[in-house]
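Enquirer: Have a look at this one.
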Amino acid sequence: MSKERGLISPSDFAQLQKYMEYSTKKVSDVLKLFEDGEMAEYLQGDAIGYEGFQQFLKIYLEVDSVPSHLSLALFQSFQTSYCSEETVKRDVVCLSDVSCYFSLLEGGRPEDKLEFTFKLYDTDRNGILDSSEVDRIIIQMMRMAEYLDWDVSELRPILQEMMKEIDYDGSGSVSLAEWLRAGATTVPLLVLLGLEMTLKDNGQHMWRPKRFPRPVYCNLCESSIGLGKQGLSCNLCKYTVHDQCAMKALPCEVSTYAKSRKDIGVQTHVWVRGGCESGRCDRCQKKIRIYHSLVGLHCVWCHLEIHDDCLPAMGHECDCGLLRDHILPPSSIYPSVLASGQERKVSKTSQKTTDDLNLSTSEALRIDPVSNTHPLLVFVNPKSGGKQGERVLWKFQYLLNPRQVFNLLKDGPEPGLRFFREVPDYRILVCGGDGTVGWILETIDKANLPFVPPVAVLPLGTGNDLARCLRWGGGYEGQNLGKILKDLEASKVVHMDRWSVEVIPQQTEEKSDPVPFQIINNYFSIGVDASIAHRFHIMREKYPEKFNSRMKNKLWYFEFATSESIFSTCKKLEESLTVEICGKPLDLSNLSLEGIAVLNIPSTHGGSNLWGDTKRPHGDIHGINQALGAMAKVITDPDILKTCVPDLSDKRLEVVGLEGAIEMGQIYTKLKNAGHRLAKCSEITFHTTKTLPMQIDGEPWMQTPCTIKITHRNQMPMLVGPPPRSSNFFGFLC
């Protein structure tokens, strides 16, 4: 077997990661087979030979065979980097080294990956990287940059300067501490060395099957795909082909970031033939005859559509069109190693420390947004709203830079927040339900961001009470996303209150369900309302197919309310519950309640208003509420409560009493206006003496006797949509 030595190439590493994406096996699963299972025969002490290594890869990657060039390159890489002279002579590799490497790739901590790579290049095992070892690192970085299609002609001196900067004490060598410090703050070492591989713009189309309701022509063979027939369309550039033409298609034109200094700051048009859905030229305003052949051009960034003949009249520079306020053009994103030395020095003091290690592709790229714009960070939950989430995901990937759009099912919101961390004046759009919004807000809370961005909501699925209150509607129904983005551009910021919930259980043998959240964004309830929600939740978990529309949900809710009214599980609630508002007891003795709701926003259960409508007093409502709040932390006077309007930024909660399940069902189905207004306050405490149903933001649970304290936590900037346009002339007068 050849003893050619060398590190695994970037392309081989990319192929390895692709295999790992589709495998469900863990390293621990494979090790068991080698230690005491069917693969034990391949063990030679604590090492395995090439044949055993191939078996390891086949089992771990769940494939029938691994390309010989890949398995050989990996095997030789382990021999070069990790093994002693003895193991090299025996033509084996240490199984512990192999398992350690793949464990790190599975999801190891960044600091572990950094330490691992340090030892990989420290070939003489003296604990420092000398000049020859640093040169070896630079060579590997150059290979990686070439694989990523960066302009390598300008890169070598930059990398040499960067490696000098890592030598913080000027000793002429790099210690492990200096290596870890650099990787944790300013230098994307893992990406540059090929251990993080999501940077490649590889020219591959992101195909999705599409059935075309009107004549469309194949970008490759230029013949008709057929009316009502299915073809393939690229999510990123709208390049469209027959299924059988996809293998021969030209590479995707979309490059998501600048790969050379000369490309930074100047965005040019990227024209793709066809895709002119409007049928009208944005240059001459005449029709584009799209029904007869493959004609016209569209720009993937500004989305202008023009005749082929109008191209010479168009300038080279692209301003990103109507959505420029939201878009990060490729010219605004570039490898951080291409930043000047001064910029890197500044970022050393502004970015994270080794105590906050969480490296990813985001550290490899730097964002320098176009001035006077508000780049949009989009989070999409593809599971929300059936298939709506998936459609919204690929639509935004076309309308914006794909690097602005994050699939929450992949890695959650953290990668997106890290990527935008240093961007000024950006906004966030959350595409999902109230639960998804809560997840994003909680992550922002924990992220310790230098700038807390305002958050807008594109509601998917049912419910969506927060989106309703912020004027984004009760659910996305296929509206034009470009128009929604223009509405977002015109939105206003409101600082929404958020509340902490502390549940202190009493000593009891009963076991409580886990509390779903520690923060209230929408509402908290105890009693009949939560009991109905709990039944609804259990049934939906068992039979999700029965809860796939708003109308079905309303009917099911009404049915559960009816059955709850028969059993009255929360009757005489005041006998097992006491309430304190700002330290003062709330008198419930004259009321026959089966539930209490604490509201941060006026909408619950998909649009129900438990507080009810308020006759508008003369003057500014927000000002009146503030005046009332200034007079007293607690408002319980019924006459004053009649004039109080819910305000999600007044640091006050509305407390509502509910008589029973029938009343709750009537409110939910709009047959009754509201419950009983009990109080408006800034702090509330419940003491319970028996197990009761409770819910936070629509997530119910059964709670054993306890004390519950609700206090103000903070405020989060949220974006409120523009007011709805009036549908008649007289509406302008209101």
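Yeah, the Cβs are placed from backbone N, Cα and C, and that goes for glycine too.
Annotations per Swiss-Prot:
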type	residues	note
DOMAIN	109-144	domain 'EF-hand 1'
BINDING	Asp122, Asp124, Asn126, Glu133	Ca(2+) 1 binding site
DOMAIN	154-189	domain 'EF-hand 2'
BINDING	Asp167, Asp169, Ser171, Ser173, Glu178	Ca(2+) 2 binding site
ZN_FING	204-252	zinc finger
ZN_FING	268-318	zinc finger
REGION	358-505	region 'Necessary and sufficient for the diacylglycerol kinase activity'
DOMAIN	371-505	domain 'DAGKc'
MOD_RES	Lys483	N6-acetyllysine
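Each of the listed features needs to be described in terms of its position in the shown structure.
Expert: A C-beta separation below 8 Å, combined with a sequence spacing of at least six in one chain, links Glu133 (Ca(2+) 1 binding site) to Tyr121, Asp122, Thr123, Asp124.
Helix, strand and coil counts under DSSP for the domain 'EF-hand 2' (154-189) come to 24 helix, 2 strand, 10 coil.
Non-local neighbourhood of Ser171 (Ca(2+) 2 binding site): empty, since no residue in the same chain at least six residues away has a C-beta under 8 Å from its C-beta.
Mapped onto DSSP helix, strand and coil, the zinc finger (204-252) counts 6 helix, 14 strand, 29 coil.
Across the region 'Necessary and sufficient for the diacylglycerol kinase activity' (358-505), the model assigns an average pLDDT of 91.
Cβ-based neighbour count (10 Å, all protein chains) for Lys483 (N6-acetyllysine) stands at 10.
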Enquirer: Would you mind splitting the domain 'EF-hand 1' (109-144) into helix, strand and coil residue counts from DSSP?
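Expert: So the counts come to 26 helix, 2 strand, 8 coil.
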Enquirer: Just to confirm: which same-chain residues, 6+ apart in sequence, have a Cβ under 8 Å from the Cβ of Ser173 (Ca(2+) 2 binding site)?
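Expert: Looking at Cβ-Cβ distances below 8 Å from Ser173 (Ca(2+) 2 binding site), excluding near sequence neighbours, one finds Ile128, Leu129, Asp130, Ser131, Asp167.
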Enquirer: May I have the list of same-chain residues other than Asp167, Asp169, Ser171, Ser173, Glu178 whose Cβ is within 8 Å of the Cβ centroid of the recorded Ca(2+) 2 site, in sequence order?
Expert: Ile128, Ile166, Tyr168, Gly170, Gly172, Val174, Ser175
Enquirer: Can you list, in sequence order, the residues of the same chain other than Asp122, Asp124, Asn126, Glu133 whose CB lies within 8 Å of the CB centroid of the Ca(2+) 1 site?
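Expert: Once Asp122, Asp124, Asn126, Glu133 are set aside, the remaining close residues are Tyr121, Thr123, Arg125, Gly127, Ile128, Leu129, Asp130.
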Enquirer: Reported in the order helix, strand, coil, what are the DSSP residue counts of the region 'Necessary and sufficient for the diacylglycerol kinase activity' (358-505)?
Expert: 57 helix, 36 strand, 55 coil
Enquirer: Around the Cβ of Asp169 (Ca(2+) 2 binding site), how many other Cβ atoms lie within 10 Å? Please give the count over every shown protein chain.
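Expert: Neighbour count, Cβ to Cβ under the 10 Å cut-off: 10.
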